[in-house]
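Listed in Swiss-Prot for this protein:
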BINDING   79-92, 292-304  NAD(+) binding site
BINDING   Arg99, Arg109, Arg138, Asp228  substrate binding site
SITE      Tyr145  site 'Important for catalysis'
SITE      Lys196  site 'Important for catalysis'
BINDING   Asp228, Asp252, Asp256  Mg(2+) binding site
Amino acid sequence: MAQPTYHIACLPGDGIGPEVTRGAVTVLQAAAAAYGFRLEFSEYLVGGAAYDAVGTPFPDETRDACDRADAILFGAVGGPRYEGLPWDLRPEAGLLAIRKRYDLYANLRPILLYPPLKDASPLKNEIIGGGVDFIIVRELVGGIYFGEPRGIETLPDGTRRGVNTEVYTDAEIARIARMGFEIARGRRRRLTSVDKGNVMEAGKLWRTVVDEVAREFPDVEVEHLLADNAAMQILRRPGDFDVMLASNLFGDFLSDEAAMLTGSIGLLPSASLGAARNRFGLPKGFYEPIHGSAPDIAGQDRANPLAAILCGAMLLRHSLGREDAARAVEQAVAAVLEEGLRTADITVPGTAVLGTAAMARAVADRVH
């Protein structure tokens, strides 16, 4: 039987983006070889690199390639030298254009503390000793960041007033809740929903709709937490969480807080999924390490590629349906850390420091 071939649009972007993306491609090709399928990568400009070359952060050629692709592997965009540009020409505008084009309404942020790195976590061992492994499912295209009315106005008496509006429909809540429950069903079957229903009407609706969707998933245990309490419980009992479901605003805060539990943002991937489907009927996902472009170390072979590599594992799982290969990549990352291999950002005495390319090769060699 012929090997299936998957088409991946690769958008390295700026700063360390090209280096870490190359590392991810190395590992993904190793996974494809080990598990009997083919990956075809096509590289296109985005962000500052695209602006420098053609004057726009999201060229038509890149857009068309993303339309054709089964998934999008992204590096990073941005840098200080672009900060003076008009917003629609800044590198980040390319990222937002992609989210809007494919209605990427769900952002997935795995929070996993690898046992060899527990000393790098700011939390005490008695709190994290039992392990930390949960995922935050954040609604990405609604809520207070996009609600109307919004703006700054001057009242008749000269007072200036800033207005933002938290708006969610039941349909918007239901679709992100359903994705959260589906992910929980494939994990440890526990979902924690976060809201401020005690003081916000949007929060009351959020909780009501989550409970309605929960009836479709009787095998998943549901817990509701107020957002301020959720922030505290992440620090008190992080090992108790499995899937945490949150609105755009609360998910933004909580995912950054939770990221610090893991010891390094160089290890943290993310996936954005939505309604768009690829040729295989699976989400045309967008996969991005959270660490940013880090222009101060770009081109020095010092960047940690593990977040980008773990983005590759998420791509295999969510957009290609290759759970076997995804687990193999994740196990290979765990293996290199267990063996004491490190990049500069996570090194400690007694470990071997590898550059970006060497770390990627080390992971690829352990994919089987």
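Glycine is treated like the rest: Cβ placed from N, Cα and C.
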Recorded positions Trp87, Lys196, Ala298: which have a Cα within 10 Å of Asp228 (substrate binding site)?
Lys196
Which ones in the same chain are close to Glu83 (NAD(+) binding site), with CB under 8 Å and 6+ residues apart in sequence?
Arg90
Using a 10 Å cut-off on CB atoms, tell me which of the recorded positions Arg109, Arg138, Lys196, Arg302 is the least crowded.
Arg302
Which one is closest to Tyr145 (site 'Important for catalysis') in space, judged by CA to CA distance, out of the binding-site residues Gly79, Arg109, Asp252, Ala298, Arg302?
Asp252
What other residues of the same chain, not counting Asp228, Asp252, Asp256, have a CB atom within 8 A of the CB centroid of the Mg(2+) site?
Ala227, Ala231, Leu249, Phe250, Gly251, Phe253, Leu254, Ser255, Glu257
Output the one of Ala294, Ala298 that, of all these binding-site residues, has the highest number of other Cβ atoms within 10 Å of its Cβ.
Ala294
Integer Cα-Cα distance in angstrom, Arg109 (substrate binding site) to Lys196 (site 'Important for catalysis'):
21
Including all protein chains shown, what's the count of other C-beta atoms within 10 A of the C-beta of Gly79 (NAD(+) binding site)?
20
Quick one, of the recorded positions Trp87, Tyr145, which Cβ has the fewest other Cβ within 10 Å?
Trp87
